[in-house]
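**Student:** Sharing a structure below in structure tokens format, with a few things to ask.
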Amino acid sequence: MPGLTLPTLPTADVRAHNSENSCYVTIGAKVFDVTSFVSDHPGGGELILEYGGKDVEHILKDEASHFHSESAYEILDDCLIGFVANGEVLEGAVQSSKPGEILPLLPSKQGKQELEKLDSNGKVVYAATGISSAEDLSKPTDAQTDYKVHKFLDLDKPLFMQIWNGGFKKEFYLEQVHRPRHYMKGDSAPLFGNFLEPLSKTPWWVVPMVWMPPVVYGTLYGTSFVGVQQGLGYWFFGLFFWTIIEYVLHRFLFHLDGYLPDNRVGITLHFILHGIHHYLPMDKYRLVMPPTLFAALAAPFWKFAHTIISWNYYGAVVAYCGGVFGYICYDLTHYFLHHRNLPAWYKSLKKYHLAHHFADYQNGFGVTSRFWDRVFGTELDMGPPKVVKSS
């Protein structure tokens, strides 16, 4: 069929071919180069040039003007050079269940690559993650089949030693760890497989239970020295500063892909810090940060807060508490985005964050807000996929 080998021509380009040196006409989506026929037309070449770059379907069927025999259509078939995608035809193709029969186009190189990303149901499969939607994050993974196909990790065996002893190259590791899996034999896949296993799991409620009391105490303690008004100012400064820390940590520590050492120490640390979350994004016990890990990461910021606010020790304490409260909000928000039905505003944020997991993990680093993504140009494109697949 010609539609499988002939190109698609822009409408403006077709309309520009309206002279005796180069004359195109169309019938529906088909484009014909009738330049060589202009001088041979029985009724005179000017009749063809009158419709140069235009559709001639109506005039060919107008018996009052001139009756065209089957031979005329045969001549046109020999002049077929491609197809034109006008608005009406494109709209019809998009709405149709068989767009290929309306608009039989030759895919471009990029188009072919996009088509290859479609699964058997016609959904886009994102190359970076191997899945197509947020719903796919919760589809159970058959551990044995997954291991045979990808030769990465066996979900039924402790993951830590597999990472440590796997001998994975960085490129292969990053490709696989960002292809989400979902463990089907319990709440969490085994990480250590020994007495350390319980220490690797953290229910969401542990975060406010452990950290809210010191935040409240530290805030009241510091405010008692600087006053309520100044205390609120320091506290909200710390809360705002947390949003920057959240973005920087997520982008440059948790996703240090380009700077990740290509050895098992770097790869294992990456997996423990954040890789396991992208590998098993719906594991509800490895979604929030264990208190020991947060304490280790937060300790340097105590000194940092007192360096930034060096003129007032108690103001720095209050600001630090505001920052820790921001962390609490971040971890709870992160958990709820994965595991709770949320109000309308949060649903938009949930869609945004889950797209970070299933579509583009190299953008969309904000969890509680898109603000810093917009500032630094890493905001996710949330538009619908512009790919149509014929059935």
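Note: Cβ is positioned from N, Cα and C throughout, glycine not excepted.
Annotation comment: TrEMBL describes His41, His68 as heme binding site. Residues annotated as Zn(2+) binding site in TrEMBL: His250, His255, His274, His277, His278, His334, His338, His353, His356, His357. According to TrEMBL, the domain 'Cytochrome b5 heme-binding' annotation covers 6-85. The transmembrane segment annotation in TrEMBL covers 204-226, 232-249, 311-330.
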**Student:** Which whole number is the mean pLDDT over the domain 'Cytochrome b5 heme-binding' (6-85)?
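**Tutor:** Residues in the domain 'Cytochrome b5 heme-binding' (6-85) carry a mean pLDDT of 79 in this prediction.
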**Student:** Among the binding-site residues His41, His250, His274, which residue has the fewest other Cβ atoms within 10 Å of its own Cβ?
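**Tutor:** Comparing Cβ neighbours within 10 Å for the binding-site residues His41, His250, His274, His41 has the fewest.
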**Student:** Cα-Cα, whole number of Å: His356 (Zn(2+) binding site) versus His41 (heme binding site)?
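**Tutor:** The separation of the Cα atoms works out to 61 Å.
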**Student:** Cα of His250 (Zn(2+) binding site) to Cα of His41 (heme binding site): how many Å, rounded?
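**Tutor:** Checking the Cα atoms of His250 (Zn(2+) binding site) and His41 (heme binding site) gives a distance of 70 Å.
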**Student:** What residues elsewhere in the chain lie close to the transmembrane segment (311-330), defined as a C-beta under 8 angstroms and at least 6 residues from its ends?
**Tutor:** 207-208, 211-212, 214-215, 218-219, 221-223, 225-226, 230-231, 234-243, 245-246, 294, 298, 301-302, 305, 367-368
**Student:** Whole-number Å only: compute the distance from the Cα of His338 (Zn(2+) binding site) to the Cα of His41 (heme binding site).
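**Tutor:** So the alpha carbons of His338 (Zn(2+) binding site) and His41 (heme binding site) sit roughly 69 Å from each other.
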**Student:** Under DSSP, the domain 'Cytochrome b5 heme-binding' (6-85) has how many residues in helix, strand and coil?
**Tutor:** 28 helix, 20 strand, 32 coil
